[in-house]
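S.K.: Okay, here's the structure, questions in a sec.
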């Protein structure tokens with residue numbers, strides 16, 4: 001019965017709860033407000049202040065559900081929707097004014113810095129093609145080419161990255177709206193979901209650069225109907241799904257319940273380094289559940305695995321001890337040091353060392369220092385993952401910024417799991433997103449910057465079962481277990497009582513009556529006394 005209550009069988013209460021999470025998850029965002037942006041521009045140490053949480057309801061609903069023929073697998077996608085929770089966020093609002101790192105400008109500049117020749121060649125080609133369509137320009141261009149055959153009208157030292165970046169530097173004001181620093185004054189509404197506009201009413205070279213940005217198809221940037229663009233950190237997650245999952249229903253093998261078989265039709269990723277062509281490294285393996293549920297009977301399990309599409313990787317969580325939630329016994333699991341603190345060839349997982357952020361603060365082997373993970377290949381942007389407030393990160397990063405206060409109670413990833421059903425009772429996925437801020441040759445705004453791993457925001461995505469769900473588990477599981485516990489002790493007590501009564505009954509049934517014993521005993525005694533001649537009394541009578 002316990003196993004059947006954890007299997008994913010259609011038209012059962014368990015299936016309905018799996019299909020639509022019966023309560024919204026909490027999605028909390030903490031943004032790092034920069035208090036000295038202009039000092040940072042001058043090369044000083046940044047100071048940040050955490051502002052949050054900005055709380056959102058996260059609703060999840062599975063659709064496109066299809067079962068395999070033998071019902072052992074189920075395919076689905078999961079829609080997500082975010083709604084601002086003004087009450088839980090109070091006194092903070094989505095319209096608060098904050099100063100944050102200008103992520104999209106910083107990202108675009110770093111990408112152009114590393115791919116300048118390719119980018120410049122592409123947008124020069126676009127501009128040339130556009131000009132060729134204008135008759136007057138075409139005639140003038142032909143005349144210039146005849147007098148200067150080595151260079152066309154737009155050939156500006158094509159092989160020189162330096163000159164290419166100078167060209168881009170001249171267009172920054174048109175693309176990003178006259179920025180006076182690498183920081184942005186914005187609101188949580190714009191920065192997180194609605195979008196920060198850029199590439200508005202651009203022409204010429206600026207328009208060509210914006211076209212190159214559009215071609216990258218970065219998920220945090222959306223093209224608007226008028227051709228302009230908007231950057232937002234989480235809008236790509238809103239009213240969308242993160243792909244198609246195929247998971248085990250547990251009908252044939254309960255120990256595999258909710259374990260992922262395929263994601264988008266594959267059991268491997270292509271985001272991390274593979275040791276050889278045609279092979280897949282362990283960094284690219286898709287293993288575990290999606291974290292919304294686990295197989296039953298977790299007692300004695302030392303380690304579990306979660307696949308997170310948000311960070312394009314599998315994460316191990318280890319058992320750290322017993323716990324409880326609202327009176328329900330649980331097992332607590334947390335991420336271990338392999339998640340962020342032990343990455344590199346010495347740990348056998350250097351496939352995570354993608355080394356895609358030039359001029360970053362890295363070890364000699366190209367890996368980031370302890371506590372940081374390069375997500376460039378996951379985000380298609382130079383984003384770095386850490387624990388909140390860079391908890392556990394190397395001093396090469398933490399010593400360069402003021403305002404970080406790591407606290408395991410607030411910042412550790414954890415989940416409390418009910419051991420018999422594998423149900424998560426309470427938990428939080430807590431991660432921080434950062435970017436390297438550094439000098440880029442020929443970009444004036446970056447001239448005096450010191451290379452720093454700069455915190456942008458951290459999130460806590462989690463669940464704490466509400467009263468209704470706690471009551472459901474208490475009624476359907478804990479009271480049954482309590483009843484079974486009572487029955488067990490009644491049976492033990494009954495057994496002990498029987499163990500005491502049965503020998504007594506047996507002894508009574510086996511014991512002879514008193515009338516049959518006395519004559520025999522008397523006769524025997526008299527006979528012995530006479531023959532011994534006085535062993536028990538005086539001399540025999542004469």
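A Cβ is built for glycine as well, from the same backbone N, Cα and C atoms used for every other residue.
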S.K.: With the ranges 488-508, 509-529 to choose from, which does Swiss-Prot describe as transmembrane segment?
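M.R.: The range carrying the transmembrane segment annotation in Swiss-Prot is 488-508.
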S.K.: Across the topological domain 'Cytoplasmic' (509-542), what is the average pLDDT of the model, as a whole number?
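M.R.: Averaging the confidence scores along the topological domain 'Cytoplasmic' (509-542) gives 45.
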S.K.: Residues with Cβ closer than 8 Å to the Cβ of residue 274 (N-linked glycosylation site), same chain and 6+ apart in sequence?
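M.R.: Correct list: 280, 281, 284, 351.
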S.K.: What does the structure give for the C-alpha distance between residue 238 (N-linked glycosylation site) and residue 33 (N-linked glycosylation site)? Integer Å is fine.
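M.R.: With distance taken Cα to Cα, residue 33 (N-linked glycosylation site) is 24 Å from residue 238 (N-linked glycosylation site).
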S.K.: Check each residue in the chain of residue 33 (N-linked glycosylation site) that is at least six apart in sequence and keep those whose C-beta is under 8 Å from its C-beta; list them in sequence order.
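M.R.: Residue 33 (N-linked glycosylation site) has long-range Cβ partners 48, 49, 50, 51, 98, 99, 100.
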S.K.: State the count of C-beta atoms found within 10 angstroms of the C-beta of residue 238 (N-linked glycosylation site), not counting that atom itself.
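M.R.: The answer is 16 other Cβ atoms.
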